[in-house]
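Copied over from Swiss-Prot:
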- His2: Ni(2+) binding site (BINDING)
- Cys73, Cys76, Cys90, Cys93: Zn(2+) binding site (BINDING)
Amino acid sequence: MHELSIAHSLVEIAEEAAAKAGVARVTVVHLRLGTLSGVVRDALLFGFDVASAGTRLEGARLEIEEVPLQVYCETCDTVVALPDVRYFRCPQCGAACRRIVTGQEIELAALEYEDDTPEATAS
């Protein structure tokens, strides 16, 4: 289950970013996950809960945006979404497509956090 190691890396990256920003607690982690990433969503959610235990991300929600598979069709000279990831053929002209544009990413997009500074709680 490589999702657990991905979750550990995600927590480590988010911890570093939160520490740099002086954040005490992260509440939401936004992740972009491509169709072809090979990551099982439910396993990643479970792994995130395990990996975040005892960190400033403990109890944080992992929001996953699924990124569809898009390829570049040289014949049509355009980017097209593939409805079936098993066939890398342009749905418009039927030509084989070799260049993937989106759909492979595992990207930490944003963090949401609680601001515990006295200035933030006073207003």
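Cβ coordinates are placed from backbone N, Cα and C, and glycine is handled just like the others.
Taking the features listed in Swiss-Prot, we show where each one sits on the structure.
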residue : record              : CB count, 10 Å
His2    : Ni(2+) binding site : 12
Cys73   : Zn(2+) binding site : 21
Cys76   : Zn(2+) binding site : 14
Cys90   : Zn(2+) binding site : 19
Cys93   : Zn(2+) binding site : 13
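Between Cys90 (Zn(2+) binding site) and His2 (Ni(2+) binding site), the C-alpha separation comes to 31 Å. A gap of 32 Å separates the Cα atoms of Cys73 (Zn(2+) binding site) and His2 (Ni(2+) binding site). In this structure the alpha carbons, written CA, of His2 (Ni(2+) binding site) and Cys76 (Zn(2+) binding site) are 37 Å apart. Within 8 Å of the centroid of the Cβ atoms of Cys73, Cys76, Cys90, Cys93, where the record puts Zn(2+), the same chain has further Cβ atoms from Glu74, Thr75, Thr78, Val80, Pro91, Gln92, Gly94, Ala95, Cys97.
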